[in-house]
Amino acid sequence: MAQLDTLDLVVLVALLVGSVAYFTKGTYWAVAKDPYASSGPAMNGAAKAGKTRDILEKMEETGKNCVIFYGSQTGTAEDYASRLAKEGSQRFGLKTMVADLEDYDYENLDKFPEDKVAFFVLATYGEGEPTDNAVEFYQFITGEDVAFESGASAEEKPLSALKYVTFGLGNNTYEHYNAMVRNLDAALQKLGAQRIGSAGEGDDGAGTMEEDFLAWKEPMWTALSEAMGLQEREAVYEPVFNVTEDESKSAEDETVYLGEPTKGHLEGQPKGPFSAHNPFIAPIVESRELFTVKDRNCLHMEISIAGSNLTYQTGDHIAVWPTNAGAEVDRFLQVFGLEEKRHSVINIKGIDVTAKVPIPTPTTYDAAVRYYMEVCAPVSRQFVSSLAAFAPDEATKTEIQRLGSDKDYFHEKITNQCFNIAQALQSITSKPFSAVPFSLLIEGLNKLQPRYYSISSSSLVQKDKISITAVVESVRLPGASHLVKGVTTNYLLALKQKQNGEPSPDPHGLTYAITGPRNKYDGIHVPVHVRHSNFKLPSDPSRPIIMVGPGTGVAPFRGFIQERAALAAKGEKVGTTVLFFGCRNRNEDFLYQDEFKAYEEQLGDSLKIITAFSRETSQKVYVQHRLREQAELVSDLLKQKATFYVCGDAANMAREVNLVLGQIIAQQRGLPAEKGEEMVKHMRSSGSYQEDVWS
């Protein structure tokens, strides 16, 4: 019998672990809820405000026959849930409510009435994990020991009365594409629940999320109408929120939100715990440019979390709460005829008791657009279509109706141009859309979301300071007639310019309210929170690691190397550390070149930095090419239990690296190609292959 090497043993252990996981359904471990996620109240959250966690009681109290649950990390699933609720109400007369999965308990789902329906709109986060607000529900419903109030076992089909609808939001560049909705659907089917229509899946990786959603929902509504005896009617706009102007208050009134994220911030007394619902206003203590070319920017920033009680671990993410650019705020207010009253105070209230107001209130039109609404995002065909009834003239109405009904035409005129809502409407007419209710804009646009960045420092080395590394987005995409500018990275560039002595920062022609609402961010501050990641160094520092991180994908690996250098300086044994780094040109965008050179001198042969420069010669060289060239080294380190890490572009680089690694394993061991692929999959399941990727 051939002798087993270490990687083979790792694979066997992974198979054993996988088998235990399968048969125990995770009894011995579970998806970890983000330790930094807040358990505090969200604005107008019914259950979180101390009210019932019994969803059936809530539906009975409020006269609802349709609940739409969402599991959302960035706000998209929540937006889709709200859109489904609105459409169900307006087109089919359903009494709908939107519900955050973490607001309720689920032991009484076996008593769900037959004449009601539950929707589940679930995003898959990271490596096939539930979003933070869906962790507890997911653990409950998929658990082997799931127990309902009736005491019925899974074999007795306790959810036979439950009618449900599912839609998943995923990304096909990730290994576990739409795992959440698939696993939930299987669990509900096993428990006897009746799915209405197909289990929908949207693919952000292919850029078809919106069209996948639109294509799925029409046959779903048909199936639901048949199952529940619904009659479609002409959809007429019915506001979810009541927006009123308050002439008794001015923008200077201390009770008016001018961009403050919470009541504590409004009152000038922000208190922790700081989280995704309550950011810390952190000082930026250092900011500098990493590129040496003038037409592109990459920022290094040091953000202090001293005194906040925020903590992080090497490999975690930091969330930056952005501000919309002044030019886009002005454009939006002009398009909707709000420029003259931008500083008027408005109150926003939910017409239905279950409606959650996404914006702090009272506020102003300007503050809502600048700090709270995602006005720069690509606009959806469905939302554009909803504005037809409020068009300034018949010709514009006809054009909007065509855009709404013809997906190819919409793709040509709007999607290809990467237009946001204001740009899209400006491309149709110069007349303002003054008749559009502001409530419709709040309903149709997402809340402005924090953007996440891989932390590029070690918590062991600087526990009170977080480093971030970010390329500033200002690119002309194929087909677009204008530069597409990143919301957060250009905001950060403006802060860097101001900190470094430029009196009037205007990155790529944009200006920002740098000092924040009521000058509360003066002195170069930015709102942040920390999010836990499973992207971690081995607990044993003597274990080898292989890191693949081109461009800003090197960010977490700077932290990894920083930490290993600190451990080595303390006399600890540090395993072989290999970094595959790629960029265009060593003299233009080789990030942290001098730092890495110093670490190489300190760590000697234990640190190997292997570079790939794509534009130095006529032949483009990428990290996957260097990986293949170093096949023997990679194979040897895997035999020594090396952990393999990838950070960066999911759509191309990460896929290529995954493929090349499988080929290396197969070739170096004389195995069939499919065996190499299988071994990489087992490395993933055992945690010895980790990704921090984006598309």
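The backbone N, Cα and C atoms fix where each Cβ goes, glycine too.
Listed in Swiss-Prot for this protein:
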- 72-77, 123-126, 169-178, ASP204: FMN binding site (BINDING)
- ARG296, THR552, SER614, ARG615, LYS620, VAL621, TYR622, VAL623, GLN624, GLU656: NADP(+) binding site (BINDING)
- ARG451, TYR452, TYR453, SER454, THR469, ALA470, VAL471, GLY486, VAL487, THR488, THR489, TRP694: FAD binding site (BINDING)
- 66-221: domain 'Flavodoxin-like' (DOMAIN)
- 277-538: domain 'FAD-binding FR-type' (DOMAIN)
- 1-8: topological domain 'Lumenal' (TOPO_DOM)
- 32-695: topological domain 'Cytoplasmic' (TOPO_DOM)
- 9-31: transmembrane segment (TRANSMEM)
Surrounding CB atoms that lie within 10 Å of the CB of ASN171 (FMN binding site), all protein chains: 21
Per DSSP, three-state class assigned to GLN624 (NADP(+) binding site): helix
Secondary structure of TYR453 (FAD binding site) (DSSP, helix/strand/coil): strand
Among GLY75, SER614, LYS620, which are recorded as binding-site residues, the nearest neighbour of VAL487 (FAD binding site) by Cα: GLY75
Integer Å distance between the CA atoms belonging to THR469 (FAD binding site) and GLN624 (NADP(+) binding site): 22
Secondary-structure category, per DSSP, in which VAL487 (FAD binding site) falls: helix
Candidate binding-site residues SER614, LYS620, TYR622, pick with smallest Cα gap to ASN171 (FMN binding site): TYR622
Residue among the binding-site residues TYR174, TYR177, TYR453, TYR622 whose Cβ has the most other Cβ atoms within 10 Å: TYR453
Other CB atoms within 10 A, centred on GLN624 (NADP(+) binding site): 23
